[in-house]
Structures are given as C-alpha cells and as structure tokens.
Amino acid sequence: LKIVVERDPIKTSFEKWAKPGHFSKTLAKGPNTTTWIWNLHADAHDFDSHTNDLEEISRKVFSAHFGQLAIIFIWLSGMYFHGARFSNYEAWLGDPTHIKPSAQVVWPIVGQEILNGDVGGGFRGIQITSGFFQIWRASGITSELQLYCTATGALIFAALMLFAGWFHYHKAAPKLAWFQDVESMLNHHLAGLLGLGSLGWAGHQVHVSLPINQLLDAGVDPKEIPLPHEFISNRDLLAQLYPSFAEGLTPFFTLNWSEYSDFLTFRGGLNPVTGGLWLTDTAHHHLAIAILFLIAGHMYRTNWGIGHNLKEILEAHKGPFTGEGHRGLYEILTTSWHAQLALNLAMLGSLTIVVAHHMYSMPPYPYLAIDYGTQLSLFTHHMWIGGFLIVGAAAHAAIFMVRDYDPTTQYNNLLDRVLRHRDAIVSHLNWACIFLGFHSFGLYIHNDTMSALGRPQDMFSDTAIQLQPIFAQWIQNTHASSPSLTAPDATASTSLTWGGGDLVAVGAKVALLPIPLGTADFLVHHIHAFTIHVTVLILLKGVLFARSSRLIPDKVNLGFRFPCDGPGRGGTCQVSAWDHVFLGLFWMYNAISVVIFHFSWKMQSDVWGSISDQGVVTHITGGNFAQSSITINGWLRDFLWAQASQVIQSYGSSLSAYGLFFLGAHFVWAFSLMFLFSGRGYWQELIESIVWAHNKLKVAPAIQPRALSIVQGRAVGVA
C-alpha cells in the first residue's frame, strides 16, 4: 500500500474568514433578511452542499476531526488545570470519605460566594460531580504538580492536533483512495488505536497506577509515595509490592504466566477499601483487550495476499431468503460517509448507554461508588450522550437515503428488500407501540384506580397481585452463581448487583449491594420498552420513507429538510426526514427521562444510604420504591415532588445554584415550546408592525427582519 497524498492542494489564506458564507454563492452576497444568519449556521459545516467532489468532502471531514480533537484536548487541559489550581484534590486524596471533591471557587462579586459550601477539611467551594478526582486517583496522580504537567501536555497535544488539521488539508491532503482503503484502516484502527492504546494503558496501570494505589489503600501519605518515574526506573520498588516483578520477563518467555497473578488478577467484586473494581482486575482486562485487538488488527488483507477482504466477505454473505444479500453495501459504505457515520453512531450510542449502566454496577474508580451525586451525574450524562448519538444515527441514515442512495445499483439486496417491505415493518412496529403503550400504562392506571378505591389487595404489587420479572431475576441468579463454574479462581461475581454477595460499605456509606427486582421494576421496564419502541418507530419511519411515500412520491426532490409540500397540499407538513429526527428527539427525551427517574429513585430507595456500627442500613428514601412507584400518583408525589421540593427550597443556601438552574431549565423549556405552538404568520404580522414604527422614526434596519421559518422554529423548540 502506498499512502497517496496531494502536495499543497489549497493555499493557506485567512481571506475567506472575512467573507461569511464564502462556501455558498447565495450566502456570499450577504444578508438581505435575518434568515441569512440561520442559513449561515445551518450550512457552514454541510460540506455536501459546498461541493460534489467526494475527495474534497473527505478531506474537509478528516481535517475537521483534528480540530475536534484539539477542542477535546483544550477542554481536558482546562479540567486538569482547575484540578491543579482551584481544587482540594490533595486534601480529598488524604481523606476521600469525609472530604467532598471541589475544583471551583466562586468570586465574591454580588454575593455569589454563597455558592461556596463547606466541602470538608476547611475548604469552601462548589462540589463537583464529574468523577475527575476518582479517575485521577485511579491513574496514580498524587499531587497538584502532576495535574499541572498533564494540563500542559494536553495543550501541547491540542496544538499538535491543530497543526495536523492544517497540514493534512493544506500541505499533504490524502487522496480519495486512502479514505476508501478499508482493510488498511481496520488494521490500523484495531491494532493501533484499540490494541496499542489498551496496551499502553495496561502498562501505565501496572507500572504506575497499581503500586501508587496499593500504597494509598494502605494509608500511606501521598507525599511519602515515590514519584511515578521512580516505579518505572527502579524495579525493586515494584518487587516489594508485587514479588513477581523480581523475576522480570522470565515467566513470560517460559509461559509460566500464572507467576504474574499478583498484579494481573481475576477476583471479581469490589475492593472493600475503595468500593471500586480491583485495579489489578482492570489492568488484567486491558492487557487481555490489547492482545485481542492486536490480533484483530492483523486480520485484513493489505500488502500481502493473506487475510480477509471486506468486499468479498460482504458479497458472500447471502442466506436462502435474502436475495442478493449484502451485495452493493461495500460501495455504499465507501462512498457515503453519511451511511458509514449512521452505523458508527448507532453502535457508539448503544455502547455509551451500556457504559452508563456499568458505571454504577461495576464502579471502575476508587471511591466513585460512595459519591452518589457523581454516580447520578455520570449515569445521566452517558444516557443523554447515548440518546443523542442514536438519534444522530437515524439523522445521517436519512441524509444518506436522500443524498447518496442510488436505487439503480441496489437491486434485491438486503437494503432494497427492507425498503420494499417497509410498510410491513412500520405497521408491525406501530402495533407493538400501541400494545406496549396501552398495556404498560394500563397497569399503572389499574393501580391508581384500586389505590383510590382503597383496594390495595387488588393492586399489582409485591404484596398483592405479583408481576415478578422472572427472566431478569433468572439472569441475576445465573450471573451471581456463575463464577464458581466459569471462573473458579474468582472470589465474587462481576457485579454485586446480581445478588448473592454481601454489601460493600466504605466510610459508613453503602458502595453497592445486591439490587432486588420486583413488580415495580416490571411495570417501569415496560414503560422503557414503550418509549424506546416509539422512538425507534419515528426514526425508522423517517429513514425508510426519506425518499418517497404514498403521500409525497417525489419526496427525494424536496431534500432532507422541508416544511411542507408547497401550497395547496394540506396535511403534508412535518413529513420530511428532518422532521422525523425532530419528533424522534422528543421521544428520546421522553425515554431517557423515565430511565433517569427510575435509576435515581431505585438507587436512593434500595441501594444508597448509610450503615450503622451495628450493620443496619438506612436508605436515603427508606426503601419506598417497591410500594410507591407502582402508581402514577406515587411517581408524582413520592419522587417528582419529594425530590423537586428540596431543590426549590435551596434558595439562600450554597445549593441555590441548583434551584436556579431548575427554575431556569423550566423557563427554557417553556420558552422553546412557545416556538412550536405559535404560528409563523402571527410573528410576521407583529414584526411588520414593529418595522412600520421604525420606519416612522427613520431607524429602519438595513437587514429586513423575518419571522423564523417553520423548520427554524422547530429547531429552537426541540433544543
């Protein structure tokens, strides 16, 4: 393989920066109306609309990725700098069970210093819930100087990324063939990014994180612990903690790998000192992952005539009922970056949601499990990100269908067959949504009615008519008992949540315990099923009907985003692929709201809490989930109001910012909803009256004000 680049393809110039809209003939003329600024933002990064040249589009996307990485490094640098300059990290490291993490101190300008609460150890600041302190501890960072160094390093990397973005667009831009060489890309991404990346992290964990955390767990003062480079350069230091280090690489080359089991463990469960996963387990995990991906990165055919070829694999992939199978999909995925992105977003979004569920059930960092605010924040964060990525997958799949799909080259393959029986798919999915909606809400309505009539014996509950989630309980039991069969050396199952084990408490707070599932979980689970299926229905319908429908057969000519099919065609609004993304987003919000509510209440009721010297656990909401969450009234009274009222009453305390955010978020919600409900004509009439008044006073603007278009109003409304 030869890496083909074009030298000096585009001159470096800042002239275009002074010409807003330079990428479009229409926009480059400048603004006539206020719509111009909307179109400027909508199209600035829509590289497809700037040119039809796939090579140029690919180069722009590639270059933009380096810009994105630079922003990430700058953001990370800021986080580490705050840790170094404004935080109580060293104090927290010394006493993580009594001192809360803080990395921001508010300046006293007009009384905002009220926000600086006492986080323990005499430090006043805003408590942070990002989990950075815990990940720094797991990395082996023991001083604020190390945070300064890392922050500086991140800025240097940001500069390198910015340089790379410029270099690979202006100086040495890859040819299209390079972007389309999937075998080489797979080898490099699998072996390089994932394989060597995991190996590097495993190496850092073994040589730096493990010894430092071992000493911290034993109560050694962070200032007494040797510096990271001393562990790397002085093997004797490591050998004192992990005796197998004294033997060097001999066990590795003699295949006596079990010698290394003092620092590459397979224990399961949590470290009772920190309430986090055993870091020796995670080091072992990353080493294993590295080996797998290094092997995977050598599976695809490039310079030598061995290995897999993606096109051959796809075209051989045929079943007895699938026509041409995957024939034609290789061409789609190497010429449509929207199609490629749609698949990647769907997988990454699903993975992010899996991460959300593992962060609490298998807390990876020390003391993360007893920092309940951080646990809640990390769960919420990963659910939201996952939701956005999955909706983005549908958006780009629909853009692919409108802009890149060529029906003449896709005959009777799987994509064509899916499109041809889209009516069956959508109508079946619609039936599933109706079934789930009526039945899941019906169970709640039944319970509310029986509760109102004073007939608790007729309710669906753990103490009356039981609807136990028997399959979920079976999975829990299987996982709880499996280590004795599948991993005889493991001392516990993968997660305490499966059951079987005792609770782990750190600093008189519950880190984790077996999570019981009952009728209440069965009910809310079916609400999850309902909201997820409706989200999928809307998004999938948008993709399958992006090019045409019975209502608008020529939809593809109208594009990805249009308000209605012109005047005289009533009932054709909110029908574009873009509108399906818009409506799908609302249902994604619905879906994750119920998930976050369920998680928040369940954990406070059945897991989180304090433990007395006698071993008695007192949960935050006293175990009220099983009986209260089985009615809609219970959700409103014992969760939404019970929790919100505490936030609303936070004014005048260091928590008042949360009360103000809570209030502000509802204002934003109401304000954005206004854009969905109000008609465009109403605003245009109002604007014209105001412009008339300005004309009277001879202060009329040169750029004519224009009411938001229907699509623009929806964009504001959904945000």
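Cβ from N, Cα, C; glycine included.
Marked as [4Fe-4S] cluster binding site by Swiss-Prot on the basis of sequence analysis: Cys564, Cys573. Reduced to three states, the DSSP call for Cys573 ([4Fe-4S] cluster binding site) is coil.
Per Swiss-Prot, chlorophyll a' binding site is recorded for His666, and the stated evidence type is sequence analysis. For His666 (chlorophyll a' binding site), the number of other Cβ atoms no farther than 10 Å from its own Cβ, over all displayed protein chains, is 10. The secondary structure of His666 (chlorophyll a' binding site), as reduced to three states from DSSP, is helical.
Counting only same-chain residues six or more apart in sequence, the Cβ atoms lying under 8 angstroms from the Cβ of Met674 (chlorophyll a binding site) belong to Gly717. Annotation comment: Swiss-Prot describes Met674, Tyr682 as chlorophyll a binding site, evidence class sequence analysis.
Under the DSSP three-state reduction, Trp683 (phylloquinone binding site) is assigned to helix. What Swiss-Prot records for Trp683 is phylloquinone binding site, and it gives sequence analysis as the kind of evidence.
Annotation source Swiss-Prot lists transmembrane segment at 61-84 (among others).
Residues annotated as transmembrane segment in Swiss-Prot, with sequence analysis given as evidence: 147-170 (among others). Among residues of the same chain six or more beyond the transmembrane segment (147-170), those with a C-beta under 8 A of the stretch's C-beta atoms are 8-12, 59-60, 62-67, 69-71, 73-74, 76-78, 80-81, 83-85, 89, 136, 141.
Taken from Swiss-Prot, the feature transmembrane segment covers 186-210 (among others). Long-range contacts of the transmembrane segment (186-210) within its own chain (CB-CB distance under 8 A, at least 6 residues past either end) are made by residues 138-140, 228, 231-232, 238, 241-242, 263-264, 279-280, 282-283, 286-287, 289-294, 296-300, 302, 310.
Long-range contacts of the transmembrane segment (282-300) within the same chain, counting only residues at least 6 positions beyond its ends with a Cβ under 8 Å from a Cβ of the stretch, are 182-184, 186-192, 194-199, 201-202, 205-206, 209-210, 263-266, 307-310, 364. The transmembrane segment annotation in Swiss-Prot covers 282-300 (among others).
Positions annotated as transmembrane segment by Swiss-Prot, on the basis of sequence analysis: 337-360 (among others).
Here the transmembrane segment (376-402) has Cβ contacts under 8 Å with residues 129-131, 332, 336, 338-339, 341-346, 348-353, 355-357, 359-360, 535, 539-540, 542-543, 546-547, 556, 559-560, 577-578, 580-581, 584-585, 588-589, 591-592, 595-596, 599-600, 603 of the same chain, all six or more residues outside its ends. Sequence annotations record features per position, and here Swiss-Prot assigns transmembrane segment to 376-402 (among others) based on sequence analysis.
Positions annotated as transmembrane segment by Swiss-Prot, on the basis of sequence analysis: 424-446 (among others). Sequence-remote contacts of a segment are chain residues at least 6 beyond its ends whose Cβ falls under 8 Å from one of its Cβ atoms, and for the transmembrane segment (424-446) they are 418, 459-460, 467, 523, 526-527, 529-530, 533-534, 536-537, 540-541, 544-545, 630-632.
With a cut-off of 8 Å between Cβ atoms, the residues of this chain six or more beyond the transmembrane segment (522-540) that come close are 390-391, 394, 425-426, 429-430, 432-433, 436-437, 439-441, 443-444, 447, 460, 467-469, 472, 580-581, 583-584, 587-588, 590-591, 594-595, 598, 629-630. The transmembrane segment feature in Swiss-Prot is assigned to 522-540 (among others).
The transmembrane segment annotation in Swiss-Prot covers 580-601 (among others) and rests on sequence analysis.
Taken from Swiss-Prot, the feature transmembrane segment covers 655-677 (among others).
Sequence annotations record features per position, and here Swiss-Prot assigns transmembrane segment to 715-719 (among others). Non-local neighbours of the transmembrane segment (715-719) in the same chain are 582, 585-586, 672-676, 708; each lies 6+ residues outside the stretch with a CB under 8 Å from one of its CB atoms.
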Would you mind reading off the Cα separation of Tyr682 (chlorophyll a binding site) from Cys573 ([4Fe-4S] cluster binding site), to the nearest angstrom?
18
Please report how many Å separate the Cα atom of His666 (chlorophyll a' binding site) from that of Cys564 ([4Fe-4S] cluster binding site), as a whole number.
30
Hey, how far is Cys573 ([4Fe-4S] cluster binding site) from Trp683 (phylloquinone binding site), Cα to Cα, in Å?
19
Looking at the binding-site residues Cys564, Cys573, the one with the fewest other Cβ atoms inside 10 Å is Cys573
Among all chains shown, work out which of the binding-site residues Tyr682, Trp683 has the most CB atoms within 10 A of its CB.
Trp683
In three-state DSSP terms, the structure that Met674 (chlorophyll a binding site) belongs to
helix
